[in-house]
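See structure below.
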Amino acid sequence: MQPSEMVMNPKQVFLSVLIFGVAGLLLFMYLQVWIEEQHTGRVEKRREQKVTSGWGPVKYLRPVPRIMSTEKIQEHITNQNPKFHMPEDVREKKENLLLNSERSTRLLTKTSHSQGGDQALSKSTGSPTEKLIEKRQGAKTVFNKFSNMNWPVDIHPLNKSLVKDNKWKKTEETQEKRRSFLQEFCKKYGGVSHHQSHLFHTVSRIYVEDKHKILYCEVPKAGCSNWKRILMVLNGLASSAYNISHNAVHYGKHLKKLDSFDLKGIYTRLNTYTKAVFVRDPMERLVSAFRDKFEHPNSYYHPVFGKAIIKKYRPNACEEALINGSGVKFKEFIHYLLDSHRPVGMDIHWEKVSKLCYPCLINYDFVGKFETLEEDANYFLQMIGAPKELKFPNFKDRHSSDERTNAQVVRQYLKDLTRTERQLIYDFYYLDYLMFNYTTPFL
């Protein structure tokens, strides 16, 4: 054969490459199918072995939604995998200093200390036992008691057996009028429904003093610092209310709050302890909060609230004010308060009492007022059997050289506001005005 005959023309080269390519592709597809069949066969064989040996995949507990009614809680427990142990009390708690959102609800449960978590988990993976059934029924009993709890909490007649002095007769009459007024208001406008899921937020501002069986709801700018001093003395944490510093009162964490207890503890205390709340004219309380937090140096309120308020409500603000947040004007503060799109959330110092203490849910046994604070507080102390030498302190906790915020001071702050702005402030706090029978002389 001549060398010239061995040379393939381009057409033959193309056909040869095409044939080899098709053949290679078919071979690859065949091998892939064969490998998959082999792998599937092994998997099926393993499954058969595991089924015959009684093995099954673990189904973990589904996460509990944040906001649940009591009925949903019970349904959730019932529908869990029966091979798993649901602890009697599992507790989920969230602390937040600011009331930035309208507060998500906390579902409280508490891990049992009688057995370790790993031990409980290992025991629960078998078939249900009588012990497990009993524990599950016990958990349901707690939730059933919670669901049957009357909302609002029942109001109880005050025990006046320890009040011997006739000088308190007028105070007693005033107290009965306040209680009756609040009770009638709540009957007419309360509208309570499905509040079980909000229980732990509802009681988050309530302090507990077990020795004298007191529940006190903290309302900032209504004598709360001195009330917490009194609770510390009653708890045996101090010998005198006059020797406790501001920082020890607010940052010492010496006092217990009601939301730190389990469901049974909360339920029992709400229905057996004397529940007290002290309130103040909403406009006076608002001005007092502004003076305290924005007219004096403050390492928290100026950078957190002041900067945001100045940035949004002050046109052409200077750089220094935007950096340090100092010098907020009352009118700017009011614009922030009334803004439905606030640049920073609410704070307990100017939050409504209706949202701090929930008077129509808790049904307080004692309603004190800042306007008659010393008289109301000392009558209350005598009524609960406090030591005779313990009197409510009347000193100003902070900025003692400043004049106390009263009606005359409030008028000076309101004079720069329009009538519409003053009306809007009233509208914002109208529930507090109505619940506690405050008039509106500043409009």
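Note: Cβ is positioned from N, Cα and C throughout, glycine not excepted.
Taken straight from Swiss-Prot:
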{"type": "BINDING", "residues": "220-226, 280-288", "note": "3'-phosphoadenylyl sulfate binding site"}
{"type": "COMPBIAS", "residues": "108-128", "note": "compositional bias 'Polar residues'"}
{"type": "CARBOHYD", "residues": "Asn159", "note": "N-linked glycosylation site"}
{"type": "CARBOHYD", "residues": "Asn243", "note": "N-linked glycosylation site"}
{"type": "CARBOHYD", "residues": "Asn324", "note": "N-linked glycosylation site"}
{"type": "CARBOHYD", "residues": "Asn437", "note": "N-linked glycosylation site"}
{"type": "REGION", "residues": "108-132", "note": "region 'Disordered'"}
{"type": "TOPO_DOM", "residues": "1-12", "note": "topological domain 'Cytoplasmic'"}
{"type": "TOPO_DOM", "residues": "34-443", "note": "topological domain 'Lumenal'"}
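Feature annotations (Swiss-Prot) mapped to structure.
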| residue | record | contacts (Cβ under 8 Å, 6+ apart) |
| --- | --- | --- |
| Asn159 | N-linked glycosylation site | Thr274, Met383 |
| Pro220 | 3'-phosphoadenylyl sulfate binding site | Ala289, Ile348, His349 |
| Ala222 | 3'-phosphoadenylyl sulfate binding site | Phe278, Val279, Arg280, Arg285, Phe370, Leu373 |
| Cys224 | 3'-phosphoadenylyl sulfate binding site | Glu218, Phe278 |
| Asn226 | 3'-phosphoadenylyl sulfate binding site | Ala241, Phe392, Pro393, Asn394, Phe395, Asp397 |
| Asp281 | 3'-phosphoadenylyl sulfate binding site | Phe370, Glu371, Ala407, Tyr438 |
| Val287 | 3'-phosphoadenylyl sulfate binding site | Phe330, Thr405, Val409, Val410, Tyr413 |
| Asn324 | N-linked glycosylation site | His302, Pro303, Gly306, Lys307 |
| Asn437 | N-linked glycosylation site | Arg178, Phe181 |
Arg285 (3'-phosphoadenylyl sulfate binding site): tally of other CB atoms within 10 A of its CB:
24
How many Å lie between the Cα of Met283 (3'-phosphoadenylyl sulfate binding site) and the Cα of Asn243 (N-linked glycosylation site)?
31
Met283 (3'-phosphoadenylyl sulfate binding site) has how many other Cβ neighbours within 10 Å of its own Cβ?
25
Roughly where does the topological domain 'Lumenal' (34-443) sit in mean pLDDT, to the nearest integer?
76
